[in-house]
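Quick notes on the structure that follows.
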Amino acid sequence: MAYEKLAVQDKAVLEGILAEKKRQQANIELIASENFVSEAVMEAQGSVLTNKYAEGYPGKRYYGGCEHVDVVEDIARDRVKEIFGAEYANVQPHSGAQANMAVYHTILEPGDTVLGMNLSHGGHLTHGSPVNFSGILYNFVEYGVTKDTQVIDYEDVRQKALEHKPKLIVAGASAYPREIDFSKFREIADEVGAYFMVDMAHIAGLVAVGEHQSPVPYADFVTSTTHKTLRGPRGGLILASKEWEQKLNKSVFPGIQGGPLMHVIAAKAVAFGEVLQPEFKDYAKQIKLNAKALAEVLIAEGVEIVSGGTDNHLLLLNVKSLGLTGKVAEHALDEVGITTNKNTIPYDTESPFVTSGIRIGTPAVTSRGFKEEDMKEVGAIIAAVLKNPEDEAVKADAKDRVKALTDKHPLYA
């Protein structure tokens, strides 16, 4: 992408952009919530649509001159409904957090009881964390994973639902490496008369092409981000049945947002168009193959993986078993060009600023073209560094091996 105007007008900002571009090219990106969008998506997001205010919805705007952005928003809505087989879609949420907020705003009153997954067990801030609006406004009761299997205990979810009678049950996670059984959650919700919402932000790209059970047939509401495994711009969306259209639309605008970001919605439309292409199914399948290949090597190297493996795009490593903290492990890997994030693990005794684990995912490296053999090499590098975080010879060798992989799979070549 050329930056002729920026090079003349604002070299300081351009330097930051180019430095980040260089970092993305030189590093192996394993943050599970990140991905690399196509250049077409970036072009749409950097278009003249950034100039247009468009409060309201297609055909019902509060501003004139919206006839063209109406077309773009309709394309985005139609495509995402086709992808997931949904009756209704709202593509205006600026983020997944705001998509969740809009659903809560639609069906809950402050103080209502909600059942959500514990953040340290793999949930999300917006699923009831006490430092988040969700935990402040609503009475969240937490469920989690068992100590022995480290997977969701559906009977425990059921017992908590029977005891607390929540108005809403939330499923979905930000650091859970196993497939979630949405049909079981639906049964529990029906048993206690609760609404059921799924936040599929992390797995949406897998769901889109049948690589994970779809929540759409089971949930009253489905929310997602549009980046991560969907490989679109940063943003959010909501899916539901047609009956909720008016209430959900009002909750998004004017309920929690003003004007939509039309340039981002255009980028969402482009990304959704890419998801509808046959190549995307191959991509999603490769994400899982890469995650499994990475897990196999790490397990063979003696690195403990939460739940013993993965069914999706991410792995959660318990680095405490190697005598490290997540903070130390993240820094050690970053030094050799592998980007991860420290992450709490179930029943963690460390603070969220230190943690006992790191989270790694394969969406971004898969977008670069990494295959199973590449991931085996990545796994070997990770294991070597985590076992010898202070060994300069090991780190020098790791840097060379990382460079060989990033040179083999250039970004935006």
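Just so it is clear, glycine is given a Cβ too, placed from its N, Cα and C backbone atoms.
Noted in Swiss-Prot for the protein shown:
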- Leu119, Gly123, His124, Leu125, Ser351, Pro352, Phe353: (6S)-5,6,7,8-tetrahydrofolate binding site (BINDING)
- Lys228: N6-(pyridoxal phosphate)lysine (MOD_RES)
- His227: site 'Plays an important role in substrate specificity' (SITE)
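Distribution of Swiss-Prot features across the structure.
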| residue | record | Cβ neighbours (10 Å) |
| --- | --- | --- |
| Leu119 | (6S)-5,6,7,8-tetrahydrofolate binding site | 24 |
| Gly123 | (6S)-5,6,7,8-tetrahydrofolate binding site | 25 |
| His124 | (6S)-5,6,7,8-tetrahydrofolate binding site | 24 |
| Leu125 | (6S)-5,6,7,8-tetrahydrofolate binding site | 16 |
| His227 | site 'Plays an important role in substrate specificity' | 26 |
| Lys228 | N6-(pyridoxal phosphate)lysine | 28 |
| Ser351 | (6S)-5,6,7,8-tetrahydrofolate binding site | 10 |
| Pro352 | (6S)-5,6,7,8-tetrahydrofolate binding site | 14 |
| Phe353 | (6S)-5,6,7,8-tetrahydrofolate binding site | 9 |
Checklist outcome for this item: Among Leu119, Gly123, His124, Leu125, Ser351, Pro352, Phe353, which the record lists as binding (6S)-5,6,7,8-tetrahydrofolate, the farthest-apart pair of C-alpha atoms sits at a distance in angstrom of 17
Item to check | Distance [Cα-Cα, Å, rounded] between Leu119 ((6S)-5,6,7,8-tetrahydrofolate binding site) and Lys228 (N6-(pyridoxal phosphate)lysine) | outcome: 19
Next on the checklist: Under DSSP, is Phe353 ((6S)-5,6,7,8-tetrahydrofolate binding site) part of a helix or a strand, or is it coil?
Outcome noted: coil
Next on the checklist: Rounded to a whole angstrom, what is the C-alpha distance between His227 (site 'Plays an important role in substrate specificity') and His124 ((6S)-5,6,7,8-tetrahydrofolate binding site)?
Outcome noted: 16
Item to check | Rounded inter-Cα distance in Å - His124 ((6S)-5,6,7,8-tetrahydrofolate binding site), the residue listed as 'N6-(pyridoxal phosphate)lysine' | outcome: 15
Checklist outcome for this item: Expressed in Å to no decimal places, the gap between the Cα atoms of Gly123 ((6S)-5,6,7,8-tetrahydrofolate binding site) and the residue listed as 'N6-(pyridoxal phosphate)lysine' is 16
Item to check | For Gly123 ((6S)-5,6,7,8-tetrahydrofolate binding site), the three-state class that DSSP assigns | outcome: coil
